[in-house]
Amino acid sequence: MSDKHYFPETAANQLVPRALRALVRATPQLSLIDSERVVYNNQHDASRVAVISGGGSGHEPAWSGYVGDGMLSGAACGDIFASPSTKQVLAAMAATPSNEGTILMITNYTGDRLHFGLAAERAKASGLSPKVVVLPATDDVSIPRSRIRVGRRGLAGHVLTLKAVGAAAQAKQSFERCVDIGKAVNDSLVTIGSALDHCHVPGRQAHETIDKDVCVVGAGIHNEPGAEHISPFPSVESLITHCLNRLCDPNDKERAFVSFENKNDQVILLINNYGGLSNLELGALADEVIIQLESTWKISPVKIYCGTFETSLNGPGFSISLSNVTQAARQANIEVPKLVELINAPTAAPAWPNSSSSPIDVSKLDSVLLTAILRRGCEAAIAAEPKLTEWDMIMGDGDCGEAVKGVSEAIIKLLDGSPSIAANGSIFTALFAILQAIDDMGGTLGAILGILLSAFASELQKAPSRDGLSATLYSTTLAAAAESLKHYTAAREGDRTVMDVLLPFAEAFASSNDFSSAVKVAGDKAEGTRFLKPRFGRATYVGEDKEQELPDPGAWAMFEFVKGMESGLKV
């Protein structure tokens, strides 16, 4: 790790105030009490619960970068790796008064516990705040239960707790409600860190290093030695396996702080950069984490955060945090979508990664049911291949049956894979895998199905409620996807194409919310194509003498697939 810095040793004490001044200059909503190194939201409303955090500097953007509407009311910033004083914490509280109460959120290091705790007692004694509580973060799993005396450390998972509590306060929820949410989210969190080397603290001559052939697991954010030193240096795959075992293994009684055994639980993943990794390398690490979560632990996160949330100066390392949102919601007596909504709510905090996209909601079904629906649909389409080929040999170029059979077999292979695309019941996991199979299908039919399913996935992500199997949800989503498809093809009902079944099926499903009724409509429409003149595709070039009142192969294939899906729904 480089020990070179732009600020020389004699100027190291200038880093914190200068960085804070730049932050507030760039963010008009923020103000700075320069003498106390307190950043606060100058738009804070005393009718809302005040949420204050802080700690030693050197962990930016934590915590000053999280001040703003929808997150923190204020942050007290100590020297590099040193807790802020009681006086600083009281200054933050005075700058953001609340008629409802104040929540002090800390990372559970000894200095933070003492100074924030003393500030809480003084505030209550002086009447500075009607209610004050200190909520420590305890997401670190690197230290086993048998060796914990002062409690687990707070690591990067803490920012999810800050976000949930800040959003609840912004929504003017009660003091007690905000506290309950904070406790529940913290209790649902686990984090493990890894580092290649120590960071270098500006102004310090002494600098320990970690051997090149050693990887640290259980690394903290203050140059602590780390719980485990692995040598020889492991592959990325084995390192991530080791870390996820620490987070997820229910049989590790020393570290199984949060259960992830219920595959229907919704989980948020946060990958944090300690400050010294490139975005490129962090992204590759995140990819390996996601792959192993899904393949080994059957966890498909509903939301993924990947970036720089809580650093250790220029430390070359990262951490993995998992939050079991379902567990947290149960503990806080709040609906899961409501809790996810709090975490995903917009905020004015400059460092929070606001995104216009909705969180990935897995819209889970029972995995057995999802498998049956897809498998039966594919099997019906495969069984229809001979007649599809026969009809297309007369009316087209003869490839429809083989194409439908090929993509159906590819989907079945994905269902039989390890893991199966339906293993965790996620509609999106299955959809995106099927889309890749359809991409390989090619042809006009493949393009139409690809556009339809892509639009279906997009519309499903925008839906206001996506909890389990809902006929209304899926019927309206399919209807919207069918409307989107119309922008890319001029083919409509009556043109003797797949659209003769697809469009009426979607319309019937949307109007009745009854899949079986819609399948009956699809069958009638598929039969009806026998008497239609082709207006699109190669069939338009076939002379009328070749017409033998045969159904359109693409339309019939669509009917066979949805009819098979119907039988799967009855499993």
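Residue numbering: from 1, along the chain as shown.
For all residues, glycine too, the Cβ spot is worked out from N, Cα and C.
Record features (TrEMBL):
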- HIS222: active site, tele-hemiaminal-histidine intermediate (ACT_SITE)
- GLY56, SER57, GLY58, HIS59, ASP112: substrate binding site (BINDING)
- 11-352: domain 'DhaK' (DOMAIN)
- 368-567: domain 'DhaL' (DOMAIN)
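All features noted in TrEMBL, drawn onto the structure.
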{"residue": "GLY56", "record": "substrate binding site", "Cβ within 10 Å": "22"}
{"residue": "SER57", "record": "substrate binding site", "Cβ within 10 Å": "23"}
{"residue": "GLY58", "record": "substrate binding site", "Cβ within 10 Å": "26"}
{"residue": "HIS59", "record": "substrate binding site", "Cβ within 10 Å": "25"}
{"residue": "ASP112", "record": "substrate binding site", "Cβ within 10 Å": "26"}
{"residue": "HIS222", "record": "active site, tele-hemiaminal-histidine intermediate", "Cβ within 10 Å": "19"}
Maximum Cα-Cα separation (Å), residues GLY56, SER57, GLY58, HIS59, ASP112 listed as binding substrate: 15
ASP112 (substrate binding site) - helix vs strand vs coil (DSSP): helix
Helix, strand or coil at SER57 (substrate binding site) [DSSP, three-state]: strand
Extra residues within 8 Å (Cβ to Cβ centroid of GLY56, SER57, GLY58, HIS59, ASP112), substrate: GLY55, ALA62, CYS77, GLY78, ILE80, PHE81, ALA82, SER83, ILE221
Distance, HIS222 (active site, tele-hemiaminal-histidine intermediate) to GLY58 (substrate binding site) (CA atoms, angstrom): 9
Collapsed DSSP category at HIS222 (active site, tele-hemiaminal-histidine intermediate): coil
Rounded inter-Cα distance in Å - GLY56 (substrate binding site), HIS222 (active site, tele-hemiaminal-histidine intermediate): 10
Whole-number Å value for how far the residue listed as 'active site, tele-hemiaminal-histidine intermediate' lies from ASP112 (substrate binding site) (Cα to Cα): 14
